[in-house]
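Undergrad: Here you go, one structure.
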Amino acid sequence: MTALAIPGLDSAPTTHQRLLEWVHEVAELTTPDRVVWADGSDEEWDRLTKKLVDAGTFTPLKQKPNSFWAASDPGDVARVEERTFICSVDPDDAGPTNNWTDPAEMKATMTELYRGCMRGRTMYVIPFCMGPLEAEKPMLGVEITDSEYVVVSMRVMTRMGSKALAKFGEDADFVPCLHSVGAPLDEGQQDVAWPANETKYISHFPETREIWSYGSGYGGNALLGKKCYSLRIASVIGRDEGWLAEHMLILKLISPENKVYYIAAAFPSACGKTNLAMLEPTIPGWKVETLGDDIAWMRFGEDGRLYAVNPEAGFFGVAPGTDWHTNPNAMRTIERGNTVFTNVALTDNGDIWWEGMGEPPAHLTSWKKQDWTPDSDEPSSHPNSRYCTPMAQCPILAPEWDDPKGVPISAIFFGGRRKDTIPLVTESRDWNHGTFMGATLSSETTAAAKGKVGVVRRDPMAMLPFIGYNAADYFAHWIATGKRADANKLPKIFYVNWFRRGPENQFLWPGFGENSRVLKWAIERIEGKAAAQETPIGYVPTLDDIDTEGLDASRADLEAVLKVDREEWLAEIPLIEEWFDKMGEKLPTSLRDELEALKQRLSA
Ligand code: SAT
Ligand code: MN
C-alpha cells in the first residue's frame, strides 16, 4: 500500500486486509483532508451533530431532546429512479424494469466523478451490519461517505461502528458502499448547508456486490444500507441463496386469546407501511406490536416456515399525514428525541410541524427556509419529508425484533394505492395466484420518488424500484420459493387496497386503526373461521364476513369497497397483458396461466 499523507488513514481500527485496501484506494481517488472511522459512540454523535449545526445543516430542536431539523437542497428531496442503475455484466440480468449500464463503463465514468471529490472534506468509514449482529452470518457492509448527515443517519438506521466492525474479523465478506455528495471544497471556500451535485448516480454492481452513489445526500440515495443494500443487492443474494429480500413491514398481531401471528406487508413508498406497522386496533382485545416498517428478509426455518427479519434499526418515515390520530405510536417514538427531521417545517419555538398535524401555527419556517403562514400557497413541508428515528424507542416494539432467527410469517399482504378496481381485501387461491397478485400489483405514484404523482403504474411486490435483477427472474424466484415448502406452511397471500374511492371522490374505507378489521378477517381465514365469497379475482369477504361492529362508515360505502366490478377488471386485463408483454420470454408460464384463468373466470 502506498503511504498517503492523509491524517487518520493509517489509524484504522481493523486488520481486515480487503477493507484496508479498499479504504486506501478510495482515499487515494477522492483525496479527502482526513479519514475518520465511525465508531457509533455518543461522543461521535455529539461531535458530528455539533459540526452539522455549525455548518447550518442542522438546527437543534428546543422541544425535542437531542433532535434536529434539516432542510435539503430543493433539488435533492427524493430517490432518483431515472439515475438509479443496475450494472450487471449482461443487460438481460438487469431486465426490462431497470436502467442498465455496462459495469466497466459505469465505473470509468464514476471514477472520474469521484476523482478529488472529497477535497476539503472528511472521509468517514462506517462499518455496519444489516439485521441482527448475532446472526449466524451477519450481513456486513461498509459505507464510505463525505457526509456527516449520512453518518448520523446511518447510526439511527443501522447497527454500525465498533460493534459492527467487531464482526469483520480478518476476512469476513462485506458489501462496499461508496458515497459522495460530489461537492469538493477549495482552500477557504465556504461550504453550503446541503452539499450535493446536479449530476447524480446511484449504481449497483450485482456480480461484485458493490454500490457506488454520487451527487445526492438524501435518504435512499445516500443511506446505502437501506434500499441499495437491503433490497437491490440483497434481492440478488437472496435469488442466489434461496431467500427473499422484500419491501415489507413486519407486524405482530395478538388475538384476544393471546395467539400470536406475524404478518409481512408490501406497499409502495409513501402508501402507509409505517402506519400499518404501528397500528392501534379499533377492535376490542386485539393488539399490534411492530418489528419493522420498510424491509423484510425472509428465509425458510428448519420447520419449513418462512421467517422474517428486519435488516434496519430505525424508521425513515414519511412525516406529512403522521399525527396523534393516524399514527400515535410514531408520534410517541419521535417524542422521545434522538431524531433527525428532514424537509419538514420548523416552528418559532423550536419544534417541528407538517401538514396533517392539526391546526397550523400562525408562522413557520418552511422546508425551503422561507417564512410560511397558513395563507401561503405551498405546503410548509415537502410531501416526502421524513423523520429518522431509532426503532428501539417505539413503545410497541416487539421484544423479538432483534432475534436473529426472525419471526414465522402467517400472512403476506400486497397493497397499492388505487382509487378504483381493487377491493379492500382479496385472498389468493394459492401461492402462485398470490405471486400473480404481487406481480401485477399497481399503484398511483407518490412523492417518494422524483416525477409525476398520481399516475397508475405496475409496482410488482412494491419492488419496482428495488429489484436488483431481471423482474421476470424475480417472479420465477417467487414461484420457486413456493415450491420449496409444504403448501400448508407457506404464508397465505392477500391483496389489499385502503384507498378505493366513491363517486364523490371520498375514501370508501376509513383506514388507519380500522385496518385491524382486515387483519382479523385474514387471520380468521387462516384459522378456517371466517367465510368469504369466491369471485373471479379470488376470495373476497362480504360485509357479514368482516367485523364491522362500531365502524363509522355507511353500508353503501362498505359494499362499494368490497365490490368486484367486472367492468373495471375487464379494463384492467389489457394493462396486465401489456405489463406481462414487457417482461418478455422470461415471464414464468405459471403467471401467464394465472392471467388466462382470470380472464376465463371474468368472462364466465
Ligand atoms: O428510499 S427512501 O429511503 O428515501 C424512502 C422510500 O422511498 O421508501
Ligand atoms: Mn420504502
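Note that Cβ sites are derived from N, Cα and C of the backbone, with glycine treated the same way.
For reference, TrEMBL lists these features for the protein:
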type     : residues                                                                                       : note
ACT_SITE : Cys271                                                                                         : active site
BINDING  : Arg79, Tyr218, Gly219, Gly220, Ser269, Asn384, Ser385, Arg386                                  : substrate binding site
BINDING  : Lys227, His247, Asp294                                                                         : Mn(2+) binding site
BINDING  : Ala270, Cys271, Gly272, Lys273, Thr274, Asn275, Arg386, Arg417, Phe512, Gly513, Glu514, Asn515 : GTP binding site
DOMAIN   : 21-239                                                                                         : domain 'Phosphoenolpyruvate carboxykinase GTP-utilising N-terminal'
DOMAIN   : 243-601                                                                                        : domain 'Phosphoenolpyruvate carboxykinase C-terminal P-loop'
REGION   : 364-385                                                                                        : region 'Disordered'
Undergrad: By DSSP, what is the split of the region 'Disordered' (364-385) into helix, strand and coil residues?
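TA: With helix first, then strand, then coil, the region 'Disordered' (364-385) has 0 helix, 4 strand, 18 coil.
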Undergrad: What is the total of other Cβ atoms whose distance to the Cβ of Ser269 (substrate binding site) is within 10 Å?
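TA: Within a 10 Å radius of the Cβ of Ser269 (substrate binding site) lie 24 other Cβ atoms.
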Undergrad: Note down the number of other Cβ atoms within 10 Å of the Cβ of His247 (Mn(2+) binding site), including every protein chain shown.
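TA: Other Cβ atoms found within 10 Å: 25.
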Undergrad: Measuring Cβ to any atom of ligand 2 with a strict under-6 Å cutoff, which of the binding-site residues Ser269, Asp294, Arg386 qualify?
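TA: If the test is a Cβ under 6 Å from any atom of ligand 2, the answer is Ser269, Asp294.
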Undergrad: Check the Cα distances from Gly220 (substrate binding site) to each of the binding-site residues Lys227, Ala270, Gly272, Glu514 and keep only the ones within 10 Å.
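TA: Those close enough are Lys227.
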Undergrad: Looking only at residues six or more beyond either end of the region 'Disordered' (364-385), which have a C-beta under 8 A from one in the stretch?
TA: 71-72, 74, 77-78, 270, 318-320, 341-348, 353-355, 446-448, 453
Undergrad: Measure from each Cβ of the binding-site residues Arg79, Gly219, Glu514 to the atoms of ligand 1 and list the residues where some distance is under 6 Å.
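TA: Cβ under 6 Å from ligand 1: Arg79, Gly219.
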Undergrad: For Ala270 (GTP binding site), name the DSSP secondary structure in the helix/strand/coil scheme.
TA: coil
Undergrad: I'm trying to understand the geometry here, so how far is the Cα atom of Ser385 (substrate binding site) from the Cα atom of Ala270 (GTP binding site), in Å to the nearest whole number?
TA: 10
Undergrad: If you compare CA-to-CA distances from Ala270 (GTP binding site) to each of the binding-site residues Arg79, Lys227, Asn384, Arg386, which comes out shortest?
TA: Asn384
Undergrad: Going by C-alpha distance, which of the binding-site residues Tyr218, Gly219, Asp294, Asn384, Arg386 is nearest to Gly272 (GTP binding site)?
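TA: Nearest listed residue in space: Asp294.
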Undergrad: When you look at Arg79, Tyr218, Gly219, Gly220, Ser269, Asn384, Ser385, Arg386, which the record names as binding substrate, what is the longest CA to CA distance in angstrom?
TA: 15
Undergrad: At the Cα level, what's the spacing in Å between Thr274 (GTP binding site) and Lys227 (Mn(2+) binding site), rounded?
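TA: Just about 16 Å between their Cα atoms.
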Undergrad: What same-chain residues, at least 6 away in sequence, bring their CB to under 8 Å of the CB of Glu514 (GTP binding site)?
TA: Thr282, Leu551
Undergrad: Which recorded positions are spatial neighbours of Asp294 (Mn(2+) binding site) here, meaning Cα within 10 Å, out of Arg79, Tyr218, Ser269, Cys271, Arg386?
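TA: Close recorded positions: Ser269.
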